[in-house]
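Chemist: Sharing a structure here in structure tokens format.
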Amino acid sequence: MLEIMSEHQDSLLKCKAETLPSERRKRTVEDFNKFCSFVLAYANYIPSQKEEGPWSPASSSSPNGSGASGEGSVLGGASSNMSPSWNHGTSDLHTIHTFVHKARANKSSKSMRRLSPDGALEDNMCLKDSFYESQAASKAERKKDKKLKRLSLGSGAGDSSSSGGEKRARIKHSKNSKQSKAYKKLKSSAHSESDSENGLGHREERSEHRLQVQVKEEKNEEDEEEAIREADMSSSEGETWIADEDIMVESGDDSWDLITCYCGKPFAGRPMIECSQCNVWVHLSCAKIKKSNVPDIFNCHKCRDSRRSSHKKDS
């Protein structure tokens, strides 16, 4: 039993010795240089080093050089490899410095290229200026369109207001249109004759004489037309006066200033009608009666009111 127990303890000790981890490896200058070169290559500052092998962890050694008895060989190998690693580390530092200088130079050249790629900044500024100019032009066009709309609206209102004035002007100038047209025709004929012929003196006098004669004839014709119109108007007025003789009061000296209407105004030659009940003469305008629609029986408003009041009392 004791032998079995001792064997079991020996096996446990062997397992523990095998499973015990070695001391944690410490970073060296070579590892730092490799790490820096890897970072620079990853950032595209330096070209990637394909000729170098993968980064393999080298055997490390404690700085004191003391360790367990079972690990003596490992420590011895690490101490033997220290001197070449330091030499290689100094060369790697030199290469890192050169790579950093190259990277800075490349960086500055790239920045210069970015700053001036065939006048890109000038092109951008020109594009911005053209964009702002197009915006200003569009704003100016909008303002012009608004002004044109306002002017069109104002002209429409002016046309609507001036249409009435044009109609009135046409009515006013319709009487003198014949004279002006005839006078213009005579002037044009006289000018054409005077320009076509050589003897200007006698012919101008003749043309002026003709113009005067024609103007006089036209005036006489117009006077005759006006007289005919006045005669027609007087005849029509006479007919109306004849039709109104039964309605109107006789126009004597006393009856002209006679006041019989409720409005308190005199007769003054205006047409009147007599009430069939109270025999009071009332102006047709006060009774609101047209000359064309004169009734045979007329009752003034006072007689109408008295009738209505009597009917109400009876009811």
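Backbone N, Cα and C atoms are what each Cβ position is placed from, and that goes for glycine too.
The shown structure was predicted, so the numbers you read here are calculated from the model rather than taken from an experiment.
According to Swiss-Prot, the record shows the following:
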- 51-89: region 'Disordered' (REGION)
- 54-66: compositional bias 'Low complexity' (COMPBIAS)
- 78-89: compositional bias 'Polar residues' (COMPBIAS)
- 135-238: region 'Disordered' (REGION)
- 151-164: compositional bias 'Low complexity' (COMPBIAS)
- 169-188: compositional bias 'Basic residues' (COMPBIAS)
- 190-219: compositional bias 'Basic and acidic residues' (COMPBIAS)
- 258-306: zinc finger (ZN_FING)
Chemist: Quick check on the zinc finger (258-306): DSSP residue counts for helix, strand, coil, in that order please.
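Modeler: Going through the zinc finger (258-306) residue by residue, I get 13 helix, 6 strand, 30 coil.
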Chemist: Mean pLDDT, the zinc finger (258-306)?
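Modeler: The predicted confidence over the zinc finger (258-306), as a mean pLDDT, is 85.
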